[in-house]
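Q: Below is one structure. I have some questions about it.
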Amino acid sequence: MELHNDEKRLLKAFQESNEKTMNLEELSKYIEKEKVMRAAFWLSGRDFLEIIENKTKLCELNELGNKSLDFGIPERKVANYIKENNLESIPIKELSKILEKDETGAALGNLKKKGLVEIDKGNIVFKNLNYEDIEEEILKKVSINPDLSTYSKDEVKIVENLKKRGFLNLKEVVDRSFEIKDAGTEFIKNPIEIKEEITQLTREMIVSGKWKDYFIRPYDAKIPTEDIYPAKAHPMSKIIQEVNEVLISMGFKEVKSQIVQTEFWNFDTLFEPQDHPARDMQDTFFVKYPNTGKVPKELLEKVKGIHECGTIDGEKISKGWCYKFDENVSKRTVLRTHTTVSSIKYLASLSESERENPHKVFCIDRVFRNETIDYKHLPEFYQCEGIVMAEDVNFDNLVGILKEFLRKLGFEKVRIRPAYFPFTEPSLEAEVYMEGKGWLELLGAGVFRPEVLEPFGIKKPVLAWGIGLSRLAMLRFGLTDIRELHKNDMEWLKKTAVNE
């Protein structure tokens, strides 16, 4: 094992001093102070050395604290003013003559809190002008002894309060010592030779042959290095990008739709009855302006017939929902509650000839639900939804597509179980297996019902599925609270790998 010269110098310090533990000042006699930490870090990675950190909390007076130490804290200034002028009380409004503007409110509050005054008809009446103030005593102590570890618990509380009042600052000082370990002790039993070394060759060295006089230090790729956190995309953005790339690689085309939709497109076309709980204000954001939108009349009539009695163009295809369909409800505007509306609008836009061709489309975008914010719900989140339309696709194809999609996202174990959704039949939920967590639900899917497709003149089967990307991100990054994705916790953002 070949060590860097700085590592050798540091070990030589232990060898010559015959000490087991040394501090920074002691080591700096053998090696430049700025090189000690780097060499110690390398040696700790080799298990030659242990870096011991002792953290000490210090408190120090700031400008206001020093000023208060000389002239008294605001409460004392008021007491001294009354005492020096032989007054029994002063009007509250006169505090501005004694104190700085930003001291007035705090002084009165602290005088009352400490039980030193009474307020009588707008006047401040002192009970005791010769009181002893523990805060003043602590200010004096801080000026002499900044080491917070020597203070009692009660004194620490007073220090923290003085910090809140702006009299002092707290800081943490790290004192490092270095202890040689068994591997290092074995190494220094032998003489340590320090040769002049170089890390790169120049043309002059090669031509002159001087390179022979130097030791060329080899590179060790296994040496631990300091963590570097370069700029990178937000983890949620990477999830969206990854899902997008996976679907495009599977032959899907991306489609988009507007955030504001009519209830017709968001609910009615999906065969969701107008009295369904999901359409209540408790679950949906209704738009105030514009509060209504345009709905294609011909399609509206077809969807209305499907809802009321299951008929379209006089042909009965189901029982429908057997209720009175309200066209005004269909025209109300909402923030879309799912991205399925993008697929529905895509299907509605297909011409008669285009319906003969197979189609694979998906949408990744924001959706909105009137949810109470908690560890697993947000009112705004990203959803991914896709459809496959072709002559010969069936439920087995849907399962195969989903398993391949999830496999490409890194989930090798997938299981399917039955589910219910108003607009698909049959329907399923896909669960993935994660070590240490077991089986976890991830997405819902199914085959669009005829009541959804018939109004658009589509006779071919359409497979559909949807997945909440926030849920996927939580599983990927090991989060238990969905809010952590959006807290802008810089420490978490720096350390979260986005390429796993």
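Just so you know, the numbers here start at 1 and follow the chain as drawn.
Heads up, the Cβ atoms here are built off N, Cα and C, so glycines get one too.
Because the structure is a prediction, the values reported are computed rather than measured.
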Q: The L-phenylalanine site in Swiss-Prot lists THR340, PHE448. Which one of PHE362, PHE421, PHE423 belongs there according to the record?
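A: Only hit among PHE362, PHE421, PHE423 in Swiss-Prot's L-phenylalanine site, alongside THR340, PHE448: PHE423.
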Q: What three-state secondary structure does DSSP assign to PHE423 (L-phenylalanine binding site)?
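A: In three-state terms, PHE423 (L-phenylalanine binding site) counts as coil.
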Q: Over all shown protein chains, what is the count of other CB atoms within 10 A of the CB belonging to PHE423 (L-phenylalanine binding site)?
A: 20
Q: Provide the number of Cβ atoms within 10 Å of the Cβ of GLU425 (Mg(2+) binding site), excluding the reference atom itself.
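A: A 10 Å sphere around the Cβ of GLU425 (Mg(2+) binding site) contains 15 other Cβ atoms.
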Q: Within the same chain, and leaving aside THR340, PHE423, PHE448, name every residue whose CB is within 8 angstroms of the centroid of the CB atoms belonging to the recorded L-phenylalanine site, in sequence order.
A: LEU270, PHE271, SER343, ILE344, PHE421, THR424, GLY446, ARG449, VAL452, VAL462, ALA464
Q: For THR340 (L-phenylalanine binding site), name the DSSP secondary structure in the helix/strand/coil scheme.
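A: Note: THR340 (L-phenylalanine binding site) is helical by DSSP.
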Q: Which residue among the binding-site residues THR340, PHE448 has the fewest other Cβ atoms within 10 Å of its Cβ, if you could check?
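A: Each of the binding-site residues THR340, PHE448 was scored; lowest Cβ tally within 10 Å is PHE448.
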Q: Just the number: how many Å between the Cα atoms of GLU425 (Mg(2+) binding site) and PHE448 (L-phenylalanine binding site)?
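A: Approximately 6 Å lies between the Cα of GLU425 (Mg(2+) binding site) and that of PHE448 (L-phenylalanine binding site).
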